[in-house]
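Visitor: What follows is a structure written as structure tokens; I'll ask about it next.
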Amino acid sequence: MGTVRSRRLWWPLPLLLLLLRGPAGARAQEDDDGDYEELVLALRSEEDGLAEAPQHGATATFHRCAKDPWRLPGTYVVVLKEETQRSQPERTARRLQAQAARRGYLIKLLHVFHDLLPGFLVKMSRDLLELALRLPHVDYIEEDSYVFAQSIPWNLERITPARYRADEYQPPNGGSLVEVYLLDTSIQSGHREIEGRVMVTDFESVPEEDGTRFHRQASKCDSHGTHLAGVVSGRDAGVAKGASLRSLRVLNCQGKGTVSSTLIGLEFIRKNQLVQPVGPLVVLLPLAGGYSRVLNAACQRLAKAGVVLVAAAGNFRDDACLYSPASAPEVITVGATNAQDQPVTLGTLGTNFGRCVDLFAPGEDIIGASSDCSTCFVSRSGTSQAAAHVAGIAAMMLSAEPELTLAELRQRLIHFSAKDVINEAWFPEDQRVLTPNLVAALPPSTHGAGWQLFCRTVWSAHSGPTRMATAMARCAPDEELLSCSSFSRSGKRRGERIKAQGGRRVCLAHNAFGGEGVYAIARCCLLPQANCSVHTAPPAGAGMGTRVHCHHQGHVLTGCSSHWEVEDLGTHKPSVLRPRVQPDQCMGHSGASTHASCCHAPGLECKVKEHGLPAPQEQVTVACEEGWTLTGCSALPGTSHVLGAYAVDDTCVVRSRDVSTTGNTSEQAVAAVAICCRSRHLAQASQELQ
């Protein structure tokens, strides 16, 4: 795979030291800075006093980028288990160095992580991977890989709500209470657009540029970062004109960086946050590389510390879940649209899409600061520009409500977006139902959102077609899982259920025999002071429907689901509501376990809406009225031809097979049933604040 295999040298350590001290030994090293010599000298005491670990099989796992040209063999991030002590990374690194030296290998320790995640970055032969994976405390090892900048004035008008548009862009505030960290190339901080608004930190961690003839012209090295800084907070073309920026250089003059450099940059931010806590922080990640477990884990750690991370979805016209940091659930991932609200096309490529994208934003022909001169402007395109727009909007939202959590901010961004404006035909057919049809916009005002019950739909990864395959969707830690549904393109599924896992509730969907796979779909809501539970009824006797309702007084029904434990063809009727009989009851097939999701929260009230047509339809929908939020979606009555039910914003969608091939009769027509809820408590509290 492009890696040079090192020769095994079984020389005594003193002889190895003499060779390293000589000129020939120095020339043989990959680095010429003398660090290897100091390393081996330091290992004498380690080798004398440290017994080698028993040769057990490796329990840790190894990960590398799926795209071979992006890989960096020879550099590895070693991640330790979470419960390890703060001093453990250094101790484990020394142990690895000592054991490698006994085998005739040298390891260069490049960085030790403490504040972001426990681990270290090393340069070593791939021959040592098996040894490293067997070390105690090691959770996994990831090979380093490249990340890339994602760039290839209608934009300001587009993010302003229509009812507030005027002749010029007039944001509700400038985002002055928020600090935005930009991980990018270097920045021309003297440009008139961003002068006095950007602090260029001393952080720099970039790989060498490709090619010996590449000239590091300032205008090339600064171009990407300068443009994005102008989009976020530029005087004339910026979104959040009052936000302050701090730049970290993690991309070289060609717009290329590494996963390890990005990790070190994120740790730099975390260290600053610990040393000098400030107000809300937004981190803009206008870059993308192959899927990286360690980079996603680092984003998760930073998000838990209260930092909002906004990332480019990527410009590869591909599933964003295949790239990092776009695939990290804790990151707000942004795709790119043009002035007509259509997905951006960049030659043969274009914006990424799929379930890992949260929303889209302007990303084509965006005017911003140019590094060619201090008064120059340039037009650029890509998901980097789209992410910069959302970072600016987030800065303004956080300035208006500094106490917003990541979950609350994400829900507001989704709620206030322009909906159903993107032509879904641009996306691959299998991605259309997974990709959000949302274009970012500012909220209509800085107040008045507190009364709203916010919910979003979270899709799982595809389960795969194996016989007993399952899919799992989960909400963010600050969100409540109010309902669970499933979807299968073949229609063969064994239903879904809510299950407790690791102290949290998750939505599980089950594939059926002969099925092509299934998706789990979670409805995740912000419901303060909620007390939620799931009540289950086992399968009823033959010919009898299974019924279940909320047992506790004051609890209301927010969703229904059911599943079959025994193997079948997935043709049983799914759980359904009978709103005309008992609106707080779920009813399912006699062979299925039926589950009622019930919640109690101050002022929470829910109702059921049903919509059906007398003739079979491939899709039936029912929507909640304004002021009500969809929490549950199911089919009524449900037949073998139902593919599944899912929520799109506040609309319940029930999909069936193509009626031209199924031979449906009018008696088999499917109706959509929505559970719509609102919180009178939140509305009252909002009115009192006003």
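All positions are counted from 1 along the displayed chain.
Each residue, glycine too, has its Cβ placed from N, Cα and C.
Straight from Swiss-Prot, here's the annotation block:
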ACT_SITE  D184  active site, charge relay system
ACT_SITE  H224  active site, charge relay system
ACT_SITE  S384  active site, charge relay system
DISULFID  C221-C253  disulfide bond
DISULFID  C321-C356  disulfide bond
DISULFID  C455-C525  disulfide bond
DISULFID  C475-C524  disulfide bond
DISULFID  C484-C507  disulfide bond
DISULFID  C532-C599  disulfide bond
DISULFID  C550-C598  disulfide bond
DISULFID  C560-C586  disulfide bond
DISULFID  C606-C677  disulfide bond
DISULFID  C624-C676  disulfide bond
DISULFID  C633-C652  disulfide bond
DOMAIN    75-147  domain 'Inhibitor I9'
DOMAIN    153-459  domain 'Peptidase S8'
CARBOHYD  N531  N-linked glycosylation site
MOD_RES   Y36  sulfotyrosine
MOD_RES   S45  phosphoserine
MOD_RES   S686  phosphoserine
REGION    448-690  region 'C-terminal domain'
SIGNAL    1-28  signal peptide
Visitor: Would you identify the secondary structure of S384 (active site, charge relay system) according to DSSP, in three states?
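Guide: Once the DSSP labels are grouped into three classes, S384 (active site, charge relay system) ends up as helix.
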Visitor: Within 10 Å of the Cβ of C550 (disulfide bond), how many other Cβ atoms can be counted across all chains shown?
Guide: 21
Visitor: Within the chain of C598 (disulfide bond), which residues six or more apart in sequence place their C-beta under 8 angstroms from its C-beta?
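Guide: Same-chain residues close to C598 (disulfide bond) (Cβ under 8 Å, separated by 6 or more) are C532, S533, V534, H535, C550, H551, H552, H555, V556, L557, T558.
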Visitor: I'm trying to understand the geometry here, so how far is the Cα atom of C507 (disulfide bond) from the Cα atom of C455 (disulfide bond), in Å to the nearest whole number?
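Guide: Given the Cα positions, C507 (disulfide bond) is 15 Å from C455 (disulfide bond).
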Visitor: Go through C524, C532, the listed disulfide-bonded residues, and name the one with the sparsest Cβ surroundings, counting other Cβ atoms within 10 Å.
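Guide: Taking C524, C532 as the disulfide-bonded residues, the minimal 10 Å Cβ count falls on C532.
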Visitor: Name the residue among the disulfide-bonded residues C321, C455 whose Cβ has the smallest number of other Cβ atoms within 10 Å.
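Guide: Result for the disulfide-bonded residues C321, C455: minimum number of other Cβ atoms within 10 Å at C321.
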Visitor: List the recorded positions among H224, S384, N531 whose C-alpha is within 10 Å of the C-alpha of C599 (disulfide bond), in sequence order, or say none.
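Guide: Hits: N531.
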Visitor: What same-chain residues, at least 6 away in sequence, bring their CB to under 8 Å of the CB of C677 (disulfide bond)?
Guide: L453, L482, V556, T558, L604, E605, C606, K607, W628, T629, T631
Visitor: Express the distance between the Cα positions of C652 (disulfide bond) and D184 (active site, charge relay system) as a whole number of Å.
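Guide: Given the Cα positions, C652 (disulfide bond) is 41 Å from D184 (active site, charge relay system).
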